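Written below as structure tokens is the structure these notes are about.
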Amino acid sequence: MPDIMPDDGLVLGLEGTAWNLSAALFGDDLVALHSSPYVPPKGGIHPREAAQHHASAMKEVVSRVLTEPERIRAVAFSQGPGLGPSLRTVATAARALSIALDVPLVGVNHCVAHVEIGRWATGFSDPIVLYASGANTQVLGYLNGRYRIFGETLDIGLGNGLDKFARSHDLPHPGGPAIERLAREGNYIELPYTVKGMDLAFSGLVSAAQESSAPLEDVCFGLQETAFAMCVEVTERALAHAGKDEVLLVGGVGANGRLQEMLRVMCEERGAAFAVPERTFLGDNGAMIAYTGKIMLEHGVVLPLDQSQIRPGYRADEVEVAWRTEPGEVFSIGPHEGGVARGAEAVVEIGEGNVIKRRTGKRYRYPALDRRLIAERTRAEARLIATARRAGVPTPVIRDITADTIVMERIKGEVLKYVTAPETIRLAGEAVGRLHGTGIVHGDLTTSNMIVRDGQCVLIDFGLASTSSEVESRGVDLHVFFQTLESTTENFQELKEAFVEGYTAVFPGAGEVLAREHEVELRGRYL
């Protein structure tokens, strides 16, 4: 739309969702950027104090970039997610500037802006995105007009977890750089590692690190190695599940050199491309709001003043991505009929009657952590597959087991992710209901780990499984599955209803578990 965004036009972007107030101008490239971060004298960020900082610094920050007001074609602002007081301060300023300059207002999702500035800065087109910041930790991918969330933190964001640990040891805010510096002098210590499918949980890890009596450098090393390995694992799982070939790291925690190194190694092993934007575009910044506002404006996405309320819980998957017209791809790699297949955690040799699943070492993980996970998961998988089968749950027959390898029956059928339909998803619901009825949670319920055969859905890949009759564990199990369906299908509600029908038909405790799953879903918000 050349009349809306002429060649010499600029978009003014205002970012202020949390601690950093930032303004930028974007045309064909970044023209100007100025920021004023709020640094608390002690402890963490207090929302009211951050908003007061933004209000007092707004005039100076905007005036530093707004040198040619006649060229402004729109004012973009971070509409959410974020801290309510900070969002309100920025939104008020954006509305005033929109009126004063007589230009449209564009409301930008903060999370999507991180992704879009990353795509612009790296040239990546359709990546799996690891978005790691203070309050947000998500794995995203694009499909048919929206960014879909493959997995996310179930409690606190990675950056906030690092800050919480840093405060407990009187380290400066933000805590990530200080932890990274101390970790260079440390040695590995074992800490809790919590991955649930493509979701993660950091609170137990952070609490254990805070309570550790080990030298601070060692705790920082163990904390980084554990938290980042969790992030890379779920990113690899999304990459393997979706069949994409690019990984993009965005968000403030993405500035950490060790996290970048681990992702780069993982991508090299998988033959995928990896990229991270320059540091300017990683933390919260006005450039990402201005750029995303620009491409939204070019596609006619503007916001009437009377609809410009802030959205503190605004999720990336709520945004209609009108500026991307391609459908996006998932499952571009077809099903394996034989030979060797590579999943996120293992190499699988598919024979005529047997499957040999061998867990391979991950070069991105610290060796001691890698050995521990391989041993624990191999033992647990074989034991729980056999236990579930004895209880009547459709699973493969276990033939043999070693320290890192399981030989099992080959299930000849269709992998569920290639044949998703209400009738097949109902079978999945029945299988999971029976599994939960035996006191086992799968831990990685995705459509990659289910095979439809002879009117049954066979459950495979029990590497993250555990024995539990807790409603919480079962609810998280279902949340992982529903998140997978929502991120990779267009008829999610219909499929979810079919799953619930099958699950409820065989499991008496289904109602309580489904209610808990909804609670878990609501936790996946800006924290």
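Just so you know, glycine gets a Cβ as well, placed from its N, Cα and C.
In the three-state DSSP scheme, Asp444 (active site, proton acceptor) is classed as coil. Close to Asp444 (active site, proton acceptor) in the fold, though at least 6 residues off in sequence, lie Lys196, Gly197, Arg237, Asp461, Phe462, Gly463, Leu464, Ala465, Val480, each with a CB less than 8 Å from its CB. Annotation source Swiss-Prot lists active site, proton acceptor at Asp444.
His114 (Fe cation binding site) falls within a helix when secondary structure is assigned with DSSP. Per Swiss-Prot, Fe cation binding site is recorded for His110, His114, Tyr131, Asp284, and the stated evidence type is sequence analysis.
If you take the C-beta of Gly176 (L-threonylcarbamoyladenylate binding site) and look for same-chain residues 6 or more apart in sequence within under 8 angstroms, you find Gly159, Leu162, Asp163, Ala166, Gly252, Val253, Ala255, Asn256. Here Swiss-Prot flags Tyr131, Ala132, Ser133, Gly134, Ala135, Asp163, Gly176, Glu180, Asn256 as L-threonylcarbamoyladenylate binding site, drawing on sequence analysis.
A simple way to gauge crowding: the CB of Ala344 (ATP binding site) has 22 other CB atoms within 10 angstroms, across all the protein chains here. As annotated by Swiss-Prot, ATP binding site applies to Val340, Ala341, Arg342, Gly343, Ala344, Glu345, Ala346, Val347, Val348, Lys357.
The feature domain 'Protein kinase' is assigned by Swiss-Prot to 333-527.
Under the heading region 'Kae1', Swiss-Prot lists 1-323.
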Among the binding-site residues His110, His114, Arg342, which residue has the fewest other Cβ atoms within 10 Å of its own Cβ? Arg342
Expressed to the nearest Å, what is the distance separating Ser133 (L-threonylcarbamoyladenylate binding site) and Ala346 (ATP binding site) at their Cα atoms? 29
So if I measure Cβ to Cβ from Ala346 (ATP binding site) and keep only same-chain residues at least 6 apart in sequence, which ones fall under 8 Å? Lys357, Arg358, Arg359, Thr360, Gly463
If the L-threonylcarbamoyladenylate binders are Tyr131, Ala132, Ser133, Gly134, Ala135, Asp163, Gly176, Glu180, Asn256 per the record, what's the largest distance between their Cα atoms, in Å? 19
For the region 'Kae1' (1-323), would you mind checking the mean pLDDT of the predicted model? 95
In all the protein chains shown, the tally of other Cβ atoms within 10 Å of the Cβ of Ala135 (L-threonylcarbamoyladenylate binding site) is 21
Out of His110, Tyr131, Ala135, Asp284, point to the one nearest Ala344 (ATP binding site) in space (Cα versus Cα); all of them are binding-site residues in the record. Tyr131
Close binding-site residues near His110 (Fe cation binding site), where close means Cα within 10 Å, chosen from Ala135, Val340, Arg342: none
